[in-house]
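Colleague: Dumping the structure here so I can ask a few things about it.
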Amino acid sequence: MTLDHLKHMNKTQRAAVVHGYKSAPAQPGRPLLIIAGAGTGKTETLSNRVVHFLASGVSPDNILLLTFTRKAAQEMTRRAIATAGRVLGTNVGEIPYSGTFHAVGARLVREFAEQLSLSPNFTIKDRGDSADLLDMVRHQLGFSTLDVNFPDKNQCLEIYSYKINACMPLKEVLKSRYPASKKWTKQLRQLFTEYRAAKRKQNVFDYDDLLVYWAKMLNQPDIADQLRTRFSHVLVDEYQDTNRLQAKILFGLKPDGRGVTVVGDDAQAIYSFRAATVENILDFPQVLPKVRVINLEQNYRSTNQILKACNAVINLSTRAYAKNLWSDRPNLGKPSLAVVENDSAQATYIASQILRAKEEGIPFRAQAVLMRSSHHSQKLEIELTKRNIPFEKWGGVKFLEAAHIKDVLSLLRWLENPRDEVAAMRALKLLPGIGPSAAMKVIGRLEGRMGRLVLRDADQPRGCGDHWGQFVRLVKRLQKRPWKASLPEVVKWYLPLMKHDNPELRAADLGQLCIVASSYSSREQFLVEVTLEPPEGTVGPNKPGRSDDDCLVLSTIHSAKGQEWDHVYLLNAVDGCIPSSRAKTPAEVEEERRLLYVAMTRAKNRLSLMVPQRVFSWRQNSSVVDLFTRRSQFIPRSAEKLFVVRATSGKPRTRRAS
DNA sequence: CTTCAGGCAGTTCTG
DNA sequence: CTGCCTGAAG
Ligand SMILES: Nc1ncnc2c1ncn2[C@@H]1O[C@H](COP(=O)(O)OP(=O)(O)OP(=O)(O)O)[C@@H](O)[C@H]1O
């Protein structure tokens, strides 16, 4: 073996890579924590550590490699496999248990389903479908008409999910995060109990269940033993963004911490809305015995000028993040604060800059536009399309979450799992003349014949005429015909019934969906994988599977974590966007500061923060107005000297409250 | 029982 | 602008 994976690492990084593995040890080493700032090579070190394990003879099957987001998981797995290939001189193939907590959880739960007395062919509901199921229960219990202020389906699911992920009693969750809903404690408790029962009865899982049942497996000694033996090495990236439930899983897998490596940066904790808690990483050395802690201080990513600005932003925090980051990368210019008139000016400015950079030899794929929330890029997307700049968008409304896509998928889901009432409801409501109550009636009549979806002509509800017969025949055909022919057939049936606007655009989306689906070998495989690993892309002009080689990236800051680009542009660096106007408590504002820090530290060579002087916003009394903005409070005058301030449009900057 | 118009409130980030 | 609820018409 060559030592490729050690050669370019610095001394501290190398120590982390080989920790516990200087010579072939009898058992996995003591727990290792790498806590270090942005761009110091944490992920690089972690993936080289995996390579080192493989090179030392550890089987890929014994390695569990976890992260929080799909993007980060893909990136890390890719790096590890590529380097391992170089070091070992053979293709490593894959690391089977590498991915997000949820994806790995899904595999394990399916594998051990029988021992958990679960049926192994459960389907996983995405966020929207889970909310719909919860809403059905909410209506049945009469809570929807109890009081206008009773939390809606999304709030209910948020509360439920927070409770599960934070491992907190409902009462405490309501008190600390949803005080307005405290008076419904009793109802919410009942709602959640019934929701769990409904999931059980319909053999469906929500995202949280994947973690819940994984944690449960670790309480069953027989399964726990198997898993502990299987995963001799467990590595977690972005550990600062894990939650209590995930920590429980980690400690359940490795009670004494041997073989555990966790990596993270408390200054980059940005997922508290998913119940992530930074205490996981800060308390790690106290929770496990004999933890080796390694700090990295040299930033290899950014120029010193960019890094200085990043440090200035994070150091204004009331909390101390003890990091002394430095960089010896040559300077290529201070980051800029580009003051533009409004949204449109922001879009044209960025589009021009991107094309200019491209002319200078920076390909589109080395540039990225980041934003706090995904709709901030609307104007820009139009501008990019106008100028034929190819882009892909990370985050935001997913292809599979669009209404028309969900409509056709619902029929497939129902066929796959006849007990799935959300799918049944949605599919039935597509028929003209069938609304919620007729659909419920049909579903009720089906209770007896559960194995396989069987519809009879006699089940016809009143008032939907010919459509019922056609539907029954369609279902029969779909059950007989091979999978490849299914989706086009459903689409053909669906299009004339579609009630959404923009029919041509949606028809095109559905055509694309057929192409994507045809690469899966069966309906089951398609439905199983699609919820956890959805195809890239969003609805509209930029569809999954169609990306250019050289493609600009538009991304939310959350989805950009762990990534890096030569040029980074940040949209709307103004109060109300960063920090978001929804951040109220000091803790929430601090998280917004860290978001800005994460965004800025993605840049290697050039960084532009956009400051539009007016943005569109929604005022309390409906209508859309554009408001005067203030530059983000996280970049006060005192930090200005670290930036170049560029005013691009004629008008002088006027100070006005928003 | 479905559908559609009108009123009203809320609008982040992800698996 | 959307999603959700309500009430009236078909
Ligand atoms: N010893 C090194 N020498 C040269 N380049 C390095 C070294 N270590 C890491 N790098 C490079 O620095 C960049 C940042 O590394 P990496 O993404 O692993 O950092 P990170 O600490 O995970 O960052 P973040 O927390 O901000 O996502 C990468 O391009 C990586 O290849």
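Cβ coordinates come from backbone N, Cα and C, glycine included.
Annotations per TrEMBL:
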BINDING   A:A36, A:G37, A:A38, A:G39, A:T40, A:G41, A:K42, A:T43  ATP binding site
DOMAIN    A:15-303  domain 'UvrD-like helicase ATP-binding'
DOMAIN    A:304-562  domain 'UvrD-like helicase C-terminal'
Colleague: Do any residues at least six apart in sequence from A:K42 (ATP binding site), in the same chain, have a Cβ closer than 8 Å to its Cβ, and if so which, in order?
Modeller: A:I34, A:A36, A:D237, A:V263, A:G264, A:D265, A:L296
Colleague: Judged by the number of other CB atoms within 10 angstroms, which among A:T40, A:T43 is the least packed of the binding-site residues?
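Modeller: Ranked by other Cβ atoms within 10 Å, the binding-site residues A:T40, A:T43 bottom out at A:T43.
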Colleague: Including all protein chains displayed, how many Cβ atoms other than that of A:A36 (ATP binding site) lie within 10 Å of its Cβ?
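Modeller: Other Cβ atoms within 10 Å of A:A36 (ATP binding site): 25.
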Colleague: Residues near the ATP site, A:A36, A:G37, A:A38, A:G39, A:T40, A:G41, A:K42, A:T43 excluded, by Cβ within 8 Å of the Cβ center?
Modeller: A:D265, A:L296, A:N299, A:R301
Colleague: Using a 10 Å cut-off, grab the number of neighbouring Cβ atoms around the Cβ of A:G39 (ATP binding site), all chains included.
Modeller: 26
Colleague: 10 Å Cβ neighbour count around A:G37 (ATP binding site)?
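Modeller: The answer is 27.
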Colleague: Can you check how the pLDDT averages out over the domain 'UvrD-like helicase C-terminal' (A:304-562)?
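Modeller: Here the mean pLDDT over the domain 'UvrD-like helicase C-terminal' (A:304-562) amounts to 88.
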Colleague: Same-chain residues six or more away whose CB lies under 8 A from the CB of A:G41 (ATP binding site)?
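Modeller: Spatial neighbours, sequence-distant, of A:G41 (ATP binding site): A:M9, A:N10, A:Q13, A:L296, A:Y300.
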Colleague: Do any residues at least six apart in sequence from A:A38 (ATP binding site), in the same chain, have a Cβ closer than 8 Å to its Cβ, and if so which, in order?
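Modeller: Expected: A:D265, A:A267, A:Q268, A:N299, A:R301, A:C310, A:L325, A:Y597, A:V598, A:T601.
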